[in-house]
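Visitor: Dropping a structure here in structure tokens format, bear with me for questions.
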Amino acid sequence: MGRWLLACSGMVAGAVILGGVTRLTESGLSMVDWHLVKEMKPPSTKEEWEAEFHKYQQFPEFKILNHDMTLNEFKFIWYMEYSHRMWGRAVGLAYILPAVYFWRKGWFTRGMKGRVLGLCGFVCFQGLLGWYMVKSGLEEKPESYDVPRVSQYRLASHLGSALVLYCASLWTGLSLLLPRQKFIETSHLLKLRKFAHWTTGLVFLTALSGAFVAGLDAGLVYNSFPKMGERWIPDDLLAFSPTLKNVFENPTTVQFDHRILGISSVVAITGLYFYARKIPLPRRARLAVNSLIAVAYLQVTLGISTLLLYVPTSLAATHQSGSLALLSMALWLMSELRRLPK
């Protein structure tokens with residue numbers, strides 16, 4: 001069961017990465033309908049493709065952004081979104097079918113039954129949330145002259161729920177597979193454990209803030225580092241009114257916040273690393289600490305490179321994948337530092 005949940009978490013990670021690539025290639029609004037079974041069969045004839053293309057032409061993205069798109073170009077973005085949706089369905093089956101089998105075999109404890117029901121329910125909710133997100137990019141907005149895109153709030157909700165599902169699956173899988181380490185419960189160890197929990201929360205928040213960066217294309221403003229343009233704090237940081245609106249809707253503020261959260265995560269992980277060196281840890285826990293700091297510095301390098309190079313798709317996708325890798329290392333460390341049951 002532990003291996004099954006780790007495999008499920010891997011498939012969720014694949015869905016997050018594929019979703020990121022779909023967003024980066026601006027493919028997410030190419031499929032304008034949502035049918036659980038009907039859309040599983042892609043168009044196969046020229047007439048079917050032309051009919052699908054005609055449906056896409058009725059929506060704002062084509063009218064405003066892609067009015068000169070050819071049928072072959074449409075096929076590329078359509079297949080990107082199709083792949084993401086089909087992968088999402090595969091994720092659902094990977095959770096639900098083995099869960100039914102294990103349940104019938106009587107392998108679940110009472111506690112595991114609750115967890116598994118929650119995970120399976122969350123997978124279904126995630127699919128519905130994905131379509132709710134896509135709908136926001138298909139709506140006509142006569143008062144707006146901006147490029148059609150999905151709501152950054154719904155995008156963040158979709159990514160956030162996927163991250164919660166990933167973390168819950170990975171944590172449960174690690175809990176089943178890795179025996180708890182024996183520690184002498186000292187005050188230093190208690191502080192390290194709390195430090196690890198808070199650091200993981202910060203990493204999660206940083207990854208979630210990336211959804212607002214992606215949703216507003218905030219990576220395309222101020223492509224310099226460490227300053228934003230010629231200033232440490234840009235002039236338009238609080239350009240919107242009321243002030244709180246800037247945090248979620250001003251691309252400059254969204255990028256600034258993501259920078260601060262990313263730097264704070266690296267600083268916290270560095271502090272965690274040096275604090276952990278003072279404590280005698282088992283080999284696996286020490287390996288988790290070392291892996292965490294290595295991935296953290298790789299991730300910040302990818303983030304800065306993505307910004308300076310004006311967000312190339314391949315590098316941006318790698319940076320998004322790095323956020324999952326960093327979150328995984330943080331969860332692994334938390335798992336290694338778990339208390340022994342009394």
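In case you wondered, yes, glycine gets a Cβ from its N, Cα and C as well.
Okay, these came from TrEMBL:
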| type | residues | note |
| --- | --- | --- |
| TRANSMEM | 86-104 | transmembrane segment |
| TRANSMEM | 116-134 | transmembrane segment |
| TRANSMEM | 154-178 | transmembrane segment |
| TRANSMEM | 198-222 | transmembrane segment |
| TRANSMEM | 258-275 | transmembrane segment |
| TRANSMEM | 287-311 | transmembrane segment |
| TRANSMEM | 317-334 | transmembrane segment |
Visitor: Can you work out which residues elsewhere in the same chain, 6+ from the ends of the transmembrane segment (258-275), have a Cβ less than 8 Å from its Cβ atoms?
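Guide: Residues packing against the transmembrane segment (258-275) from afar: 191-192, 195-196, 198-199, 202-203, 205-206, 209-210, 212-213, 218, 225, 228, 289-290, 292-293, 296-297, 299-300, 303, 326.
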Visitor: For the transmembrane segment (154-178), find every same-chain residue at least 6 residues outside the stretch whose CB is under 8 Å from a CB in it, and list them.
Guide: 1-6, 8-9, 12-13, 15-16, 19, 23, 115, 118-119, 122-123, 125-126, 129-130, 132-133, 136, 204, 207-208, 210-212, 214-215, 284, 324, 327-328, 331-332, 334-336, 338
Visitor: Counting only residues 6 or more past its boundaries, what in the same chain has a CB within less than 8 Å of a CB in the transmembrane segment (198-222)?
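Guide: Contacts of the transmembrane segment (198-222) (Cβ under 8 Å, skipping residues fewer than 6 from its ends): 20, 23-24, 147, 149-153, 155-156, 158-160, 163, 167, 228-229, 234, 248-249, 251-252, 254-255, 257-258, 261-262, 264-265, 268-269, 272, 306-307, 310-311, 316, 320, 323-324, 326-327, 330-331, 333-334.
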Visitor: Mind checking which residues of the chain, 6+ beyond the ends of the transmembrane segment (317-334), have their Cβ under 8 Å from one of its Cβ atoms?
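Guide: Counting only partners 6 or more residues beyond its ends, the transmembrane segment (317-334) has Cβ contacts under 8 Å with 13, 16-17, 20-21, 24, 163, 166-167, 170-171, 174, 196-197, 199-200, 203-204, 206-207, 210, 214, 265, 285, 288-289, 291-292, 295-296, 298-299, 302-303, 305-306.
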Visitor: In the same chain, who gets a Cβ under 8 Å from the transmembrane segment (287-311) while lying at least 6 residues past its ends?
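Guide: The answer is 24, 219-220, 223-225, 262-263, 265-266, 269-270, 272-273, 276, 281, 318-319, 322-323, 325-326, 329-330, 332-333, 336.
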